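Visitor: Okay, here's the structure, questions in a sec.
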Amino acid sequence: MVEKGAVVKAGQMVGEPSGFVSAPVHSPVSGTVKAVADRPHCLSGDQPAVVIEPAETDEWELMEPITDLDRTPVEKLVERIRDAGLVGMGGAAFPTHVKVVPPKGHAFDTVILNGAECEPFLTCDHQLMLAKGEEIVKGLKILLKITGAQRGFIGIEANKPDAIKHLEELTRHAAQINVAVCRVKYPQGAEKQLIKAVTGREVPVGGLPFQVKVLVQNVGTAYAVWDAVANGRPLVERAVTVTGPIVKEPKNLWVKVGTPVGELLERCGGLTDDAARFILGGPMMGLAQHRFDVPVTKGTSGVLFLPPPRPEDFIAGPCIRCARCVDTCPMKLVPCEAATFSEAGKLDKAEANGAGDCIECGSCAYVCPARRHLVQSIKVSKPAILKRRAERARGA
Ligand code: SF4
Ligand code: SF4
């Protein structure tokens, strides 16, 4: 939406959505557009980007705050969420305005806020619940209004007693809302696992949460919902955990989307070891990166810096048929077979062993004594399996 030389305000929309499952992008700063060109992206090489040189101070362009929630039609709230560019902030970055409206013939009766934050090292959701608990609860109330759901939960793992206590106090008089204390067990924060833990309902294999009448949103997204509605602010900032054993001063930072990761590291005092690896997200599901100029995106929950790997960590041995991967898989899949067939390009057999339902939690690879690259192998066939599934559903 902007060209080189344009002067933009913080909060101004600079990129339009390109389809239904898409969200607009807003400038996080006031400044001057220096280029509209491809730049590094954490997920898929170079991507089109708007490069903005920040001004000394930010002048904001905000939407009109919505103050009378009771009298605001649901459609207007969904429109606001869309216009604010909200996406799931737990990592998946799926557009929120799409997710809050179930397909025709379906309805939500429950909204769960995901505050489980089960991946090791990540603490930004925990910190956000402590610092912005009130706003998160208000965001949940807005989501309850939008969905018409009768009850709301905030799912938190039992290892965050201060956040549990704080949110229980904040929701004491909200009859519809409860804090659900969950077992500390990876991957408790995965959507389907959290639904099971909180409601006892099981999302069918290959299915989605709306099929059991549940909407799950990250606590950060709930905060962003409140901010978009109450303050008219689009999603241009978020909490990010910068951490790892070789970071001098690990901390949670409030970061503008688009900030190069290298700048976050500077704010944390740099590294104690030069030859490191770094990952966007947590150690189990995050994505390894190779350059410091990749930007923080709306879905970046953490930046993890690790010491150099031991060469033996990468040497995969043959499968010894121990079935540890089967025992540990939270989706009840057969990872050893799914990976083998996936590597061999045998889609039918890979699918029959669960490759299409893998949530990429990494638990199987973590326990595998042969150090097989199970997740990477499964990921090879998963997109093709999901595409075939979608075609079958459309009757193609
Ligand atoms: S990554 Fe492994 S353990 Fe996790 S869901 Fe996929 S197959 Fe199962
Ligand atoms: S855990 Fe590893 S070695 Fe054991 S069955 Fe699974 S893939 Fe094979």
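Quick reminder: no glycine exception, Cβ is built from N, Cα and C everywhere.
Note that the structure is predicted; figures quoted are calculated from it, not measured.
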Visitor: Out of C182, C268, C368, which is the one TrEMBL records at the [4Fe-4S] cluster 1 site of C319, C322, C325?
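Guide: Within the candidate list, TrEMBL flags C368.
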Visitor: Looking at the binding-site residues C319, C329, which one has the fewest other Cβ atoms within 10 Å of its own Cβ?
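Guide: Output over binding-site residues C319, C329: least Cβ neighbours within 10 Å is C319.
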Visitor: Just to confirm my parser: what is the rounded mean pLDDT across the domain '4Fe-4S ferredoxin-type' (309-339)?
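Guide: The answer is 92, the mean pLDDT of the model over that range.
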Visitor: Taking the binding-site residues C319, C322, C368, which residues show a Cβ-atom distance to ligand 1 below 6 Å?
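Guide: Within range of ligand 1: none.
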Visitor: Report the same-chain neighbours of C364 ([4Fe-4S] cluster 2 binding site): residues 6+ apart in sequence with Cβ closer than 8 Å to its Cβ, ordered by sequence.
Guide: C325, T328, C329, P335, C336, L374, V375
Visitor: Which of these binding-site residues (C319, C322, C325, C358, C361, C368) have a C-beta closer than 6 Å to some atom of ligand 2?
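Guide: The binding-site residues passing the 6 Å Cβ test are C319, C322, C325, C368.
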